[in-house]
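Peer 1: Annotations for this protein, taken from TrEMBL, read as follows:
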- 46-64: transmembrane segment (TRANSMEM)
- 76-95: transmembrane segment (TRANSMEM)
- 101-120: transmembrane segment (TRANSMEM)
- 141-159: transmembrane segment (TRANSMEM)
- 193-213: transmembrane segment (TRANSMEM)
- 225-247: transmembrane segment (TRANSMEM)
- 368-390: transmembrane segment (TRANSMEM)
- 396-416: transmembrane segment (TRANSMEM)
- 428-445: transmembrane segment (TRANSMEM)
- 465-485: transmembrane segment (TRANSMEM)
Amino acid sequence: MAGGGGGGAGPKQDDLTPHPVKDQLPGVSYCITSPPPWPEAILLGFQHYLVMLGTTVIIPTALVPQMGGNNEDKAVVIQTLLFVAGINTLLQSFFGTRLPAVIGGSYTFVLPTISIILAGRYANEPNPHTKFLRIMRGTQGALIVASALQIIVGFSGLWRNVARYLSPLSAAPLVALVGFGLYELGFPSVAKCVEIGLPELILLVIFAMYLPHTVHMLKSIFDRFAVLFTIPIVWLYAYLLTVGGAYRNAPPKTQFHCRTDRSGLIGGAPWIRVPYPFQWGAPTFDAGEAFAMMAASFVALVESTGAFIAVSRYASATPIPPSVLSRGIGWQGIGILLDGLFGTGNGSSVSVENAGLLALTRVGSRRVVQISAGFMIFFSILGKFGAVFASIPAPIFAALYCIFFAYAGSAGLGFLQFCNLNSFRTKFILGFSVFMGLSVPQYFNEYTSVAGYGPVHTHSRWFNDMINVLFSSKAFVAGFVAYLLDNTIHRHESSVRKDRGYHWWDKFRSYRTDTRSEEFYSLPFNLNKFFPSV
C-alpha cells in the first residue's frame, strides 16, 4: 500500500491508515463462479468429501448401537446419511443459496434423537434389531414433521424479514460461535488417541502454513491439498501401530479410538446398495417427539444462517441477500424431509468443517462442492469402497476440526471490521452475547452430564427437550442475545446505525440493489423468472 519515499525516521502516513473495509474477501484463488481446472476441481471435491465424512461417521457410530443396531445397521445408516447429504448438497448449490456449502449431518439433532431412544415405549422391546427399526421409524416421523418448520419459515419469506435486521455486529457473535462453539469436538477428541491425533494436527499446520512459504515451486499444491497429503501419512502410521501390536493390551476404549480395524464398517457394509425411502418401514409419529425435533430444527436453522454467512465470506461473494438466505433455509427444510423419508436417523445443516476447508484451500468454487456431492453419492452406493475411507480413526478428523472450526469462527470476527469497536454499545453487545453464548450452554451441558437430564425438568418430556435443545447451542444463544440487544438498544440514533455497521450492508438487503448479487446468487435455467428474489 505505502508509496516509495524519503528515508525519514517517522512512520509514513500510509502506514498509519487502518486496513480498508472489504465487502468481498480478497485473496481467494477461485470464487463461487470461477471453477478451477477439472483435475484440480476433482481432487478438491474429493477433499471436501473426506472432510465431511467425519461427522457422517461419528453421529451414527454414537447413535446406532444405542438404538439396538449392529455393525450392518450402522454401515447402512452411514451410507444413507452420505447419500442424502450428496443430494442435499446438490439441491442447495443449484436451487438454494447457490453457495459452495456442504449440507451434512448435524450434532444439533442428536439430543432429541437420544430422547427418542430413551422413550418408554421402546424400553421393553426384547429383540435389539426390532428395537432399532422401531426407534429409527420414530426418528423418521419426528424429522418429517420438523422439516415443515424450515420449509415454511424459508419459502414463506419469514426468515427474509428476520435476516433484514441482521447487522455486522449481530452477525459477528453468531458466526463466531458457529465455529468456536464446537470446541468440544476439537482437542478433547484429538486427545482420545493423542499419538495419531496430534501428529495430524501438527502436520496439517506445517503443510498448510509453513511449507508453501519454504517451497515456492509447489506453493499452491501444499496449502490447497494439505488434507490429502496429511491424512494418508497419519492413517498409514496408525495402521502400522495397529498391525505392530501397539494396542494389543490397551483398554477397549483406546483400541476403539486408535486402531484402524475397529470401526466394523468394512465388514458390515454391502458391496453395492442404493438407499431408498422408507427402507426401515413406515415412519411412526409422536406429537411430543416432533415438537422436540422442531426445536432442534429451529436451532439448526439459526446455526445454518451463521454458517451460510461464513461460506459466503470464504467464497468471496458479497453478503448474502436475505431473500436468498430464506430460499436456502427452505431447501434445507426439504433436506430434513429427505432425511426423514430415507431414515438417516439425523437431520441436516450446513457443514461447518467444510466452510473452514474453503478458507484453508482458498477455493470457494461452487463446482468443487458439486463434485464432492458426486463423491458422496458414488461412495454411498459402493458400500465397501466408501467404508474404507469411513474407517479413518476419529482423532484424525478431530485434528482437522481444530483448524476448520477455527477458520469458520474467525469469519465471524471478520465482520467486526464494519463496526465501531471504540463504542461502548458495541463492546457491551459483542462481549455479553459471546460470553452468554459460551456460559449458558455450559450450564445446561454440565447439569445434564451430572443429573442425566437437563435443568428444565417438568412432567412434560417434550417441553423439557425443546428448552434444553435451544439453550444447549452456543451459536443459538449468542446469536439470539446479540440480535435482540442490537435491535433494541438505542437503535434509531444515527450514530448507532454507523456503529453497528448496518449501513455497510444496506445495498445487500435487497437482491436488486447490488449487481453482484445476480452474479453470485441467481438461479440456473432462467428460474429467476418464476422464482424472483426480492
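Just so you know, glycine gets a Cβ as well, placed from its N, Cα and C.
Any TrEMBL annotation is an automated prediction that lacks curation.
From a predicted model like this one, the values you see are computed outputs, not experimental measurements.
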Peer 1: With the transmembrane segment (368-390) as the reference, find which of 76-95, 141-159, 225-247, 396-416 contributes the most Cβ pairs under 8 Å.
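Peer 2: If we count Cβ pairs closer than 8 Å to the transmembrane segment (368-390), 76-95 scores highest.
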Peer 1: Is the number of Cβ-Cβ pairs under 8 Å between the transmembrane segment (46-64) and the transmembrane segment (396-416) three or more, considering only pairs separated by 6 or more positions?
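Peer 2: By the criterion, they touch.
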Peer 1: Go through 141-159, 396-416, 428-445 and flag the stretch with the largest number of C-beta pairs under 8 Å relative to the transmembrane segment (225-247).
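Peer 2: Most contacts with the transmembrane segment (225-247): 396-416.
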Peer 1: Residue list, the transmembrane segment (465-485) vs rest of chain: Cβ under 8 Å, 6 or more residues beyond ends.
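Peer 2: Residues 108, 111-112, 115, 165-166, 169-170, 172-174, 176-178, 180-181, 288, 291-292, 294-296, 298-299, 302-303, 305-306, 428-430, 432-434, 436-438, 440-441, 444-445, 448, 454-456 contact the transmembrane segment (465-485) from elsewhere in the chain.
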Peer 1: Give the nonlocal contacts of the transmembrane segment (396-416) in its own chain as ranges (CB under 8 Å, at least six residues past its ends).
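Peer 2: Hits for the transmembrane segment (396-416): 25, 51, 53-54, 57-58, 168-169, 171-183, 185-190, 192, 196-198, 200-201, 204-205, 208, 227, 231, 234-235, 238, 306-307, 309-310, 313-314, 352-357, 359-360, 430, 501.
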